[in-house]
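K.L.:
The structure is given below, and queries will be raised subsequently.
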Amino acid sequence: MESQEETTTTPLLLNPSRWRSYITRSSNFNLKTNIWSELGGSVGDLGTYIPIVLALSLVNHLDLGTTLIFTAFYNILSGFLFGIPMPVQPMKSIAAVAISESQVHLTIPQIMAAGISTASVLLFLGATGLMSVFYKFIPLPVVRGVQLSQGLAFAFTAIKYIRYDQNFTTGKSGSARSWLGLDGLVLSLSAILFIILVTGSGGDDDVNQNSIIPQSVEALDTSSSRSRRRRSGNQRLRILKAIPAALLVFMFGLLLCFVRDPSIVKHLKFGPSKIGIVKITWEDWKIGFVRAAIPQIPLSVLNSVIAVCKLSADLFPDREVSAASVSVSVGVMNLVGCWFGAMPCCHGAGGLAGQYRFGGRSGASVLFLGIGKLILGLVFGNSFVRILSEFPIGILGVMLLFSGIELAMASKDMNSKEESFVMLVCAAVSLTGSSAALGFGVGIVVFLLMKLRHMDFSSAWFSNCEASVDANTNYST
């Protein structure tokens, strides 16, 4: 009775058990592994998030505090609605145009106009059900080609981050990175070795591998020493998998920010950014749509919706995510946030692969990430960009490398040479043409041609044709 009375009289904020009960009531936030794995997975997509946000903040004067707050709510709601580590990523094509295209960079109203335009198209496709139709009829080899190209593109970019100095304001690589130093090659290589040692290939079956494969050998071995060694090996792997490798690497990178430049403490200002409505003129709508939204729309349809749903079905077959709901989600969050100056965002397959690679298995992963972003946005506001500007780029490259490899590995399920051929053609065109839409179009054409070769033309059709030819010949004679 005392324990029950204590539970009912203890205030909510002071009762941790009641907080746990509220969280676990939502199955979407239930921990599928352990809290440390989910924490590790929560930072798995920052290898793409931080460089783009930092570049937009430095070049286009995007308010980082506002973006952190809005993307925090996006993360939390995405985890609640989808129940998987659904990422919130920058719209990469809009960001690329805003940062690097022409001498006159896009203004904040133009960036927001591009985001709202893209979001409106995705909301329409999702609400009308057209996105589900696209998802149903797009061939799997073509989707795998898009995923493979995106994964390899991430990996190539990651290698550049690791090997060369980067200038995000110009979008160009500099001189070769030195071996030693607080952002040297030794640091990056050490992080790679640490992550491989802790996480292995990133799958869930590493722990059970020893117990599955050698059962026949164990039957021949009468001694129990092999079984003990196998149990010891599985226990060691479980301990390693409980270590949040990506989180530790990221926290170490944050620590190095203050070591590299201790004066950044003086430039920090406490308190959230002042949030206001962005005024968008007709000229901003025209420039934003033509220069940024048009190249972003096909990329969002393919990578932010179609590829995400396919990858989600591979990684979480028991938790179905519909193309319509993902499309509507991207549309709604940008139709709200972009009006207040938050960076245009989407759900990216690369981010999902990264969070899964580092331990994210449920909505709790992005819940933790959202809480972290919200705290940083409310406490430091836009001044947090000063800390990110000192973050070791090599460490970001390491995290991006594993995300890209995980995304590319989704293409391993091609079961025939023809499927692999279509996938590789699509990936090659996407990479060389720097356009997922171009690769997608070529992949569709190649897929249809392959099907046409196997089309079964009935013998009756050929007989009718031959009879028609014979009749014409007899008539003419």
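Cβ coordinates are placed from backbone N, Cα and C, and glycine is handled just like the others.
Okay, so TrEMBL annotates it like this:
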- 64-84: transmembrane segment (TRANSMEM)
- 111-135: transmembrane segment (TRANSMEM)
- 141-159: transmembrane segment (TRANSMEM)
- 180-200: transmembrane segment (TRANSMEM)
- 239-259: transmembrane segment (TRANSMEM)
- 366-385: transmembrane segment (TRANSMEM)
- 391-409: transmembrane segment (TRANSMEM)
- 421-449: transmembrane segment (TRANSMEM)
K.L.:
I'd like to know if the transmembrane segment (64-84) touches the transmembrane segment (366-385) in this structure, counting it as a touch only when three or more C-beta pairs sit under 8 Å and are separated by 6 or more positions.
P.N.:
yes
K.L.:
Using a Cβ-Cβ cut-off of under 8 Å, list the residues of the same chain that are 6+ residues beyond the ends of the transmembrane segment (239-259) and lie near it.
P.N.:
33-34, 36-37, 39-44, 46, 182-183, 191, 194-195, 197-200, 206-207, 265, 358-359, 387-388, 390-392, 395-396, 398-399, 402
K.L.:
What parts of the chain pack near the transmembrane segment (141-159), using Cβ distances under 8 Å and only residues at least 6 beyond its ends?
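P.N.:
Residues 47-48, 302-303, 306-307, 310-311, 349-350, 353, 397-401, 403-411, 413-414, 419-420, 422-428, 430-431, 436, 439-440, 443-444, 447 contact the transmembrane segment (141-159) from elsewhere in the chain.
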